[in-house]
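I have placed the structure first, in the form of structure tokens, so that the comments after it can refer back to it.
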Amino acid sequence: MSTQAAGNQTSSGATDSEDSYDSWYIDEPQGGQELQPEGLVPSCQPNVPPSLYHTCLAVLSILVLFLLAMLVRRRQLWPRCGHGRPGLPSPVDFLTGDRPRTVPAAVFMVLFSSLCLLLPTEDPLPFLSLASPPGRDGEAETSRGPWKILALLYYPALYYPLAACATVRHGAAHLLGSLLSWAHLGVQVWQRAECPESPKIYKYYSLLASLPLLLGLGFLSLWYPVQLVRSFGHGAATGSKGLQSSYSEEYLRTLLCQKKLKSSSHTCKRGFASQAWMYFRHSVYIPQRGFRLPLKLVLSVTLTGTAIYQVALLLLVGVVPTIQKVRAGITTDVSYLLAGFGIVLSEDRQEVVELVKHHLWALEVCYISALVLSCLLTFLMLVHSLVTHRTNLRALHRGGALDIGPLTQSPRPSRQAIFCWMSFTAYQTAFTCLGLLVQQILFFLGTLTLAFLVFMPMLHGRNLLLLHYLKSSWPFWLTLALAVTLQNAAAHWAFLDTHHGRPGLTNRRALYAATFLLFPVNVLVGTMVAAWRVLLSALYNAVHLGRMDLSLLPLRAATLDPGYHTYCNFLRMEASQSHPAATAFCALLLRTQRPKPRATPQDGLRLGEEEEGIQLLQTKDLVAKGAGPRARQGRARWGLAYTLLHNPALQAFRKTALPGARPNGAQP
């Protein structure tokens, strides 16, 4: 009996111990479920897998590209054996000045935003099933490297037909562009609406980063239907209308009909407001009549703005939410953590918590302030660089040369110039991203130093490290300040004298003695000046890192700056291959070959006027109106002929003498 009772007691004790043992893990999930940490966004499982979306879009893009190829006839690659066969359409006419620029800008913005969305995604190519799921040890992550490299080629090919629909200039192409843009926009909107949150980086990062992508696709989904309606309404009249109002003719009209500046404008005194306005006009790009930025520069501006948004968004959502979570989770245990490092902020633990939260808030303010300052400076540098682009292009159009040292000044295209022209827009985007990141680091360190070494100690009256350092080293700084002040005062009052209105040296013995005696002190001053020089150089280079029109190296070493070297070759390529004067001349030649219409509107051009170039001199100038038609013809002839013959930038368009040529262009 006693043994059974003891056994029952033992079994009951074991049961109690097991119950108490299980109670230790009462917070563990039951049934093998995993407990999600607080604040972690679960992965979204869409109803339709993204692989199906991308497969359909890829097939649709290939079909659209095939249909566009049927509309384009191949004439350049094999003119003898392949004439009239379908050819691959061009996505963007980069060297054509009269094509719409909004479509390439929107497509490039969509492409760059899609590449930025590759950062948080797990599947770079969603329509391909990866070999192995991601593991905890990161082995599967390394296997995704080749797929990410392949994604850099997949997305340009995916959006290739979307851009090519605008270059074909056909109603069917506009219809295909409308369908393709609607498909892309519908897929993106459906995905963002079904899964607005993502567990990577920040829960709304994918949604915020896709805003430029949605904006570009939304514009394309409206632009293509509008062009389709216009093609049905106007027909082929739109092409001739665009040809008559071409940029090249406007450029020549502005160039050959410049009004003389009034002499009073140079002698009148400008006030402060007018001087400020002139400085604003020279610092900020304002569109001017008769000049249009090349398409490559327009794309660079669009991608720079998109890069500023994407990098700023990544820097913001990658750091600020983490700081806010840390500040919200501060408890009294932080006092023990700081005491372990020998830091005692206060005897009251609650006061320590408030101080730590206040310092974390100051850290967040410094970070956001540095980010705002970096974005503003990058944007201002972008706007100011457009003025430099316009000045350099106008100089090259007039036949000038850029002073960049030993680089060749030949206007003809070369292998290096073509490579630089191809990579200019991509380089500009990369320089902007890296420049914004470097500025953020430098400005954050600067604001952090000012906040925690100057403002916060003075506000709380404790941890005055900077003031203690200045208190202990004031003789050193006072000596340097007195040395600089006394040398400047002596140079002005003792060693400089004016004779007959001309300054000259005096008291040379005292000057030599002071120079010898103050040499050790000047070494210390030079050390401080060298540190200040390094700081200024770092700030200047960080601010101007995103600008390719400026060299970060001296003029003699400008060829070693790859960004500036690429920019100069890009300008030469643009000036030699898309010169407005040569384009206008070719347009006039093509126009004279057309049959003369029966009825010419008032704004139209007669055949004789086209041959003589009189339409380039249609101006409201009274002097030009008072002159006879022969005088206008002479000015047009000499102006255009002199530009075509004596402008070095147009040498690339010249051909050798034709054998057996006859006057007036007749061929035997």
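Yeah, the Cβs are placed from backbone N, Cα and C, and that goes for glycine too.
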Membrane-side pairing of Pro126 with Cys420, Swiss-Prot annotation: no
Chain residues in Cβ proximity to the transmembrane segment (146-166) (below 8 Å; excluding those fewer than six residues from its ends, i.e. six or more beyond): 57-58, 61-62, 64-65, 68, 89-92, 99-100, 103-104, 107, 110-111, 114-115, 118, 123-125, 128, 130, 173-174, 176-177, 180-181, 184, 220, 224, 227
Closest-packing stretch to the transmembrane segment (102-122), where packing means Cβ pairs under 8 Å, from 52-72, 170-190, 207-227: 207-227
The transmembrane segment (207-227) versus listed stretches 170-190, 369-389, 424-444: most Cβ pairs under 8 Å: 170-190
PLDDT averaged over every residue in the topological domain 'Cytoplasmic' (496-510): 81
For the transmembrane segment (369-389), distant same-chain residues with Cβ under 8 A (at least six beyond the ends): 282-285, 293, 297, 301, 304-305, 308, 312, 315-316, 432, 435-436, 439-440, 443-444, 446-447, 543-544, 546-550
Residue numbers, six or more beyond the limits of the topological domain 'Extracellular' (445-474), whose CB comes under 8 Å of its CB atoms: 345, 355, 359, 362-363, 365-366, 369-370
